[in-house]
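Below is one structure, written out as structure tokens; comments come after it.
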Amino acid sequence: MNLWEILRFALRGLSANKLRSGLTTLGILIGVGAVILLVAVGNGSSIKVKNSITRLGAGSLTVSTSTTGRGGGFGGGGQQQGSTGPRTQAKKLTLDDARALTESPSVESASPVVNASSATATYAGTSHSISQFVGTAPTYFKPANKVVERGASFTGADVTAGNKVVVIGRTVVTDLFGTVDPLGKKINVNGTYFTVVGVLAASGSSSTGFQDADDVAIAPISAVQGTLTSYGSLSQIVVQAKTPEKVDAAQAEVTEILNQRHEITGTTSDFQVFNQASLQSAVEDSSKTFTVLLGAVAAISLLVGGIGVTNIMLVTVTERTREIGIRKAIGAPKGAILGQFIAEATVLSLVGGVLGVAAGVIGSQFTIVGVEPVIVPSSIALALGVSVVIGLFFGSYPANRAANLRPIEALRHE
Amino acid sequence: MTAPVLDVRDVTKVYGQGETRVRALRGVSLRVERGDYVAIMGQSGSGKSTLMNILGCLDVPTEGRYLLDGNDVRHLDEHQLSILRNRRIGFIFQSFNLIPRMSALANVELPLAYGGIKGAVRRKRALAALDLVGLADRVEHEPNELSGGQQQRVAVARALVTSPALLLADEPTGNLDTRSTRDVLDVLDRLSRAGRTIALITHEDEVAARARRVIRLVDGEIVEDSVR
């Protein structure tokens with residue numbers, strides 16, 4: 001009895017009951033397919049989150065006024081004042097803050113940012129509400145990962161002069177201009193005319209995040225302040241580190257400078273520095289947990305499939321008791337019977353495994369609930385390996401039962 | 001050629017314990033020489049099936065010795081017994097016991113496969129055995145496409161394909177009509193004339209009449225051993 005012969009007996013045994021073999025295979029198929037597909041979905045969503053974070057800008061820091069940071073200090077002093085109003089002690093971010101940050105060694109640029117809360121742009125009778133109308137400096141484009149595709153960005157001179165020029169995103173172009181070339185056209189934003197000087201490249205993340213990243217307009221801060229927002233505090237300061245490796249150093253410097261300028265001594269402060277890298281690792285951690293969770297769910301279905309194999313093999317052994325008796329009577333050694341049934345179980349689960357891999361790979365070509373699955377190659381190897389092990393493991397019990405049958409009793413079985 | 005094919009020495013077989021204790025065989029001694037054709041007869045419950053199981057190495061005696069072709073089976077383990085069954089014994093059962101969904105040829109090849117004989121030789125020997133029982137034109141048929149008599153002849157071919165020392169037939173004609181019975185018995189006669197040793201268990205006189213020697217069992221003991 002060589003291996004090939006054992007395999008042939010196994011295949012013959014399986015093909016004798018095609019429906020049953022098929023359904024058992026289906027159990028393993030679903031298990032293996034689920035492992036591959038769900039791990040791919042988890043992986044895909046983590047890659048997607050990572051990409052959209054990277055798209056926000058690499059090596060950049062965002063400084064914003066803190067809404068909770070002063071809480072501790074405020075609580076202490078606030079009792080006497082009896083004030084329930086917002087942070088009277090907190091200092092807002094100012095243009096001077098931004099200018100001061102530019103001086104520090106690890107910082108390449110610090111761009112002051114003001115956001116116009118509601119900006120409705122009209123052009124030739126068409127109107128569009130721009131979700132993000134940003135007033136800033138030309139240095140803002142790099143850390144914010146905004147690329148000017150056509151035309152040009154505004155310049156430092158525009159900022160100094162307070163020129164009413166604007167660079168607009170793809171969504172704004174489509175909604176406002178349609179097929180018309182927007183360059184050089186004047187748009188009316190809340191009563192002020194801005195000249196379009198540039199168009200941003202599509203960010204490629206239009207469907208992700210909380211808002212449309214292409215529904216944006218960027219203008220010199222001097223032009224926005226006083227027309228769309230009041231003079232005064234900034235919404236944010238966007239800081240670009242000299243290199244991505246210097247982000248942590250830049251963060252420390254920014255914190256120190258602002259602590260000094262805002263006269264903060266304790267652990268609480270009235271601003272917060274937001275680091276993309278730290279956010280990224282936090283998101284990575286959570287998406288890893290997500291992937292593990294999905295994988296665990298899939299592994300359970302694989303286990304259920306394995307139990308299905310055992311169940312069917314037990315039924316098969318019982319049903320073929322007489323055949324086993326005949327085989328033993330004509331001199332089949334125990335090993336041959338054992339091999340035959342283990343081979344049957346392994347073929348079942350291996351075929352299921354291979355089909356499951358195919359199903360998983362095909363399934364992951366489709367977008368699933370907005371996530372493009374990315375297959376993890378090791379998950380294929382793992383799922384296939386596990387399916388073979390399942391065959392060996394879950395098949396060995398029924399096979400042992402068959403091999404240990406006593407021939408006279410097996411022959412008497414009807 | 002000295003050792004007898006079968007040498008049963010004072011064999012007893014006891015089933016169960018205490019109250020349910022059944023003595024199926026009570027000291028049976030029996031020698032069958034090479035080329036002999038023996039019919040073992042007895043009513044049901046006389047112990048002939050037990051004797052058959054012991055002769056076929058499917059069961060071991062409680063006491064006494066049994067030598068098959070000179071080998072004492074007492075000290076053999078399960079693996080060695082399976083080899084013995086494969087090489088020295090050819091079984092023919094009352095209910096044919098062919099393996100379903102396997103062609104006649106595959107069924108006949110099966111003992112050779114377990115005996116480790118390679119494909120081409122195996123096929124040749126299986127075809128020769130099928131030819132011997134007159135089924136050369138039915139080799140690709142599956143058991144359910146064959147009549148009872150044909151199935152039993154396939155079983156005979158399967159039993160003799162390994163050239164065993166002993167053909168052991170347990171009521172081979174019990175499930176067959178008169179014509180098929182005659183076909184199968186004719187095959188056995190031919191094999192006997194060709195020098196095969198055959199032990200046949202039956203309760204039908206006309207079947208036993210074909211044998212050269214008749215042994216009668218009653219209550220686990222041999223009461224008659226006559227050579228015709």
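The backbone N, Cα and C atoms fix where each Cβ goes, and this holds for glycine too.
Model, not experiment: these values are computed from the prediction.
TrEMBL annotations:
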COMPBIAS  A:69-80  compositional bias 'Gly residues'
DOMAIN    A:21-256  domain 'MacB-like periplasmic core'
DOMAIN    A:296-405  domain 'ABC3 transporter permease C-terminal'
REGION    A:67-91  region 'Disordered'
TRANSMEM  A:21-42  transmembrane segment
TRANSMEM  A:290-315  transmembrane segment
TRANSMEM  A:336-362  transmembrane segment
TRANSMEM  A:374-397  transmembrane segment
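Helix, strand and coil counts under DSSP for the domain 'ABC3 transporter permease C-terminal' (A:296-405) come to 90 helix, 2 strand, 18 coil. Sequence-distant contacts of the transmembrane segment (A:374-397) (same chain, six or more residues past either end, CB-CB distance under 8 Å): 28, 31-32, 35-36, 39-40, 43-44, 47, 295, 302, 305-307, 309-310, 313-314, 341-342, 344-350, 352-354, 356-357, 360-361, 364. Mean pLDDT across the domain 'ABC3 transporter permease C-terminal' (A:296-405) comes to 88 in this model.
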